[in-house]
Amino acid sequence: MPAISLVITSGKGGVGKTTATANIGTALAMIGKRVCVIDLDLGLRNLDIMIGLGNRILYDIVDVVQGRATLHQALVKDTRFEDRLVLLPAAQNADKNVLTPASVRQIVDALRSEFDYILLDCPAGIEQGFRNALAGADGALIVTTPELSALSDADRVIGLIEAYHMPIGPRLIVNRVQAAMIAAGTSLTVAAIAHRLALPLLGYVVDDNAIITADNNGEPVVFDTHSKAGACYHNITDRLLDPQTPLLPLITKQPTFWQKLFRRA
Amino acid sequence: MASATLKGRKDGYEVQLDDAASFADNLTDLGGLLRQVHEAQAALHEDQANFVIVTGRRLLTPDQEIAVRALLDPYPHFQITAFKAAVMDAHDLSPLIRQTHVPVAIGVIRSGQERQFDGDVLFIGALHHGGVLKARGSVFLLGEAAGVIHAGYPDDAEAVVVGDLTGATQVRIADMVDIVDQANTHLTATSFAYVNDLHAIDYSECINLRQMRPRLYAQMEE
Ligand SMILES: Nc1ncnc2c1ncn2[C@@H]1O[C@H](COP(=O)(O)OP(=O)(O)OP(=O)(O)O)[C@@H](O)[C@H]1O
Ligand SMILES: [Mg+2]
């Protein structure tokens with residue numbers, strides 16, 4: 001079966017698109033899927049670093065489009081997974097306009113027969129880079145954080161994506177969820193966010209310092225079997241493969257009297 | 001059986017022309033009927049007679065109507081008061097539908113999206129923050145509205161907005177704008193927005209709609 005291509009997008013910057021791409025890509029490879037992740041954030045590439053392949057790049061996507069390298073020369077293989085996980089890096093210094101929707105679509109189509117999933121890490125915003133990423137996608141994963149400003153951008157992006165009539169409908173990932181804030185009533189619940197955006201929920205990721213540690217180690221958090229964020233990404237991946245998989249429960253217990261007492265102290 | 005049948009009415013006669021018969025037969029039989037009526041009337045020393053021509057599922061063309069009227073020429077005191085058919089021309093019908101029918105739109109209007117409607121609209125769904133719902137006529141809302149609602153666009157100050165506007169960003173009617181703020185105490189889930197005598201957007205309870213916009217109410221009743 002040819003690969004399913006999914007764009008990971010958000011509108012607002014810094015909400016966790018690249019982290020999501022790295023972790024979902026890695027988690028899929030961990031369970032035996034063949035995955036190609038493509039960094040479409042020209043000039044600000046960092047998917048390579050998050051996934052831990054930053055030091056092995058020889059060519060990038062712009063080299064491919066401009067004919068300096070073949071597609072296969074530019075693919076960086078992850079030896080941790082017997083080459084099941086592969087990265088097509090973004091260019092660091094390239095004119096933003098060298099990529100076009102048509103060239104991205106062409107690259108994705110050329111890769112379809114060799115993979116199960118192709119994940120496209122979309123740059124922030126709704127300009128050229130966004131349109132490029134959408135052109136190559138069969139479906140979209142919308143990443144948002146619980147703040148209203150991020151929700152508003154996500155809503156805008158969902159509206160634009162719906163106009164593309166992709167074969168797979170968009171789904172939502174709520175990132176940086178804070179159980180304590182939800183319990184205290186100072187943050188929307190995950191369900192309320194999905195309702196507000198009128199989008200099916202793929203999953204959520206808790207706000208977790210393990211993500212930052214993982215970033216620094218060049219090892220996506222899904223490798224960390226004890227981390228909450230890692231568990232969330234595994235749940236997202238499982239739900240991607242089988243929508244019947246139940247959502248990981250979020251523990252939003254009210255702090256106990258003693259916890260409150262000690263926190264105040 | 002004759003393709004034209006006569007019925008007495010309070011104010012004259014009704015002639016039914018069988019729509020399953022040919023129009024030529026209708027004419028022949030109608031001619032016969034008129035002659036009979038004329039004779040019967042003469043016996044009663046009466047000559048005045050009014051006719052309503054009922055054509056069922058046949059819609060007469062202007063030429064056919066002329067042909068029917070011509071049959072009355074020999075009887076100057078006979079008169080056709082109306083032609084009635086059970087059917088209507090699609091061309092005449094569509095503006096009528098547009099006038100009396102409120103289209104239903106279902107969906108989500110997202111941030112940055114704008115949906116426009118030509119007349120009134122019943123919108124069922126969600127109008128998100130940053131989205132715009134615009135109608136030339138009135139807007140009836142069923143669902144959550146967090147965006148901008150513009151009724152009577154561009155200049156119909158008779159238009160109203162009905163629905164729960166408590167979460168909306170702005171209500172606009174014709175060229176007026178009201179910035180809905182949470183402190184607006186007139187606003188409830190059962191109020192509606194309209195333009196008052198001072199040419200400002202105001203809110204009232206739905207139960208007052210009939211009295212304040214009788215035209216709208218009559219239209220809905222039809
Ligand atoms: N669940 C989380 N908990 C804690 N930190 C997080 C979480 N998700 C992302 N971060 C941090 O947020 C920052 C931004 O994440 P990331 O680069 O994935 O966002 P992005 O949407 O790709 O940004 P850009 O729009 O710049 O491409 C990173 O430093 C990352 O470590
Ligand atoms: Mg990024």
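Every residue, even glycine, has its Cβ placed from backbone N, Cα and C.
So that you can see what the record holds, here are the features copied from TrEMBL:
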DOMAIN    A:7-163  domain 'AAA'
BINDING   A:Lys12, A:Gly13, A:Gly14, A:Val15, A:Gly16, A:Lys17, A:Thr18, A:Thr19  ATP binding site
Under a three-state DSSP reduction, the secondary structure at A:Thr19 (ATP binding site) is helix
Pick the one among the binding-site residues A:Gly13, A:Gly16 whose Cβ has the fewest other Cβ atoms within 10 Å in this structure.
A:Gly13
Just to be sure I understand the packing, how many Cβ atoms besides its own are within 10 Å of the Cβ of A:Thr19 (ATP binding site)?
26
Checking the binding-site residues A:Gly14, A:Val15, A:Lys17, A:Thr18, A:Thr19: which ones have Cβ within under 6 Å of ligand 2?
A:Lys17, A:Thr18
List, in sequence order, the same-chain residues at least six positions removed whose CB sits under 8 Å from that of A:Lys17 (ATP binding site)?
A:Ile8, A:Thr9, A:Ser10, A:Asp121, A:Cys122, A:Ala124, A:Val143
ATP site, defined by A:Lys12, A:Gly13, A:Gly14, A:Val15, A:Gly16, A:Lys17, A:Thr18, A:Thr19: further same-chain residues with Cβ within 8 Å of the Cβ centre
A:Ser10, A:Ala20, A:Ala124, A:Val143, A:Asn175
Count the Cβ atoms, other than its own, that fall within 10 Å of the Cβ of A:Gly14 (ATP binding site), considering every protein chain shown.
10
Where among the binding-site residues A:Lys12, A:Val15, A:Thr18 do you find the Cβ with the fewest other Cβ atoms within 10 Å?
A:Lys12
